[in-house]
Structures are given as structure tokens and as C-alpha cells.
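Notes for the one structure printed next.
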Amino acid sequence: MPKDVSLLIAIGIMVLLLGLMVAGWYARKRRQFHIGLPLQLPADLASGHPSLSGKYVSTTLAGDQLNRVAVHTLGFRGNCAIEVHDGGVAVFRNGERDLWIPRDDVRGIVRATWTIDRVVEQNGLQVIEWTLDGTPVDSYFRMDDPEACERALQGVIGNERQS
């Protein structure tokens, strides 16, 4: 078989696979249409709270670390900063919509070693278990200073709500 034909077949297969991945992503978004839009940051959000930097890894359906939430840009990882306020947790994501997780929606704060497409050292991920418009979800973060983040989150959430 000539090299040109082999090259065209290989390119065709890659384009087909890419098309299937895109179709799968959009099918996932259609299946998750019922998941509500995360709340916007409150207008009266107080400034001056310490900002904890790290990476936003993913949000998954609660208890299902392989089931990524794709709607509302929650499926894209990137750099982030977290601020813990009396009313909840503000997540500032570079290039994506910021998140507000109200204190009353938080179900727990735990640690994890893995989630979809990310494995780290033992307990290297911070997990905020919360309810997004009636849907239980888990958001995963890889923080630069995990101990400081955990202390801050425990302070606002309260030990009685820890998982």
C-alpha cells in the first residue's frame, strides 16, 4: 500500500475518533441538562479574605468519581483561587465562570487520591461535597497549600458537617 494511502487512512481514523469524542461530550451535556447553573458570586461579597491558590480539577456527580459534570463549564480544569467566607466558598476559576458554593449547600469536606483523569499522592485532593440546585456533586481541587485550605474550609463549614 502506498504511503500516501496509509497516511490518509490514519488521518481519517484520527478525525473519526475526534468526532466521536466531541459527540460523546455533547451527549453527556444533554444527559446532564437537569443540573442547574451554579450561583453567581454574591454582590456583597466581602473583600480581604485570604485567597488560596491551586488547581480546579473537576466536578463529578456525588460518589461517582468517573462521572464528570460537563454542563456550565464545570468539566474544564484549570488554575483557581478559593476564598472562604461566612456564607460559603467562592471559587475563582481562570478563564471560566466563577462558582459560589453556599455554606448551607455544603455536605462535607474530605480528601481524595483520585478522580476522573487525575491521580495524586494519598489524600492530595481537597473535595467539597455539595448540592448544586438539588443535585449532589463533588468538586475536586489540587491546592498549593492543602493544609491551609483544609483549615479554612473546616472553619467556615464547621466540624459537625465533615464527612
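The backbone N, Cα and C atoms fix where each Cβ goes, and this holds for glycine too.
Annotated features, as they stand in TrEMBL:
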DOMAIN    40-152  domain 'PH'
TRANSMEM  6-27  transmembrane segment
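Across the domain 'PH' (40-152), mean pLDDT in this model comes to 90. Sequence-distant contacts of the transmembrane segment (6-27) (same chain, at least 6 residues past either end, Cβ-Cβ under 8 Å): 70, 75.
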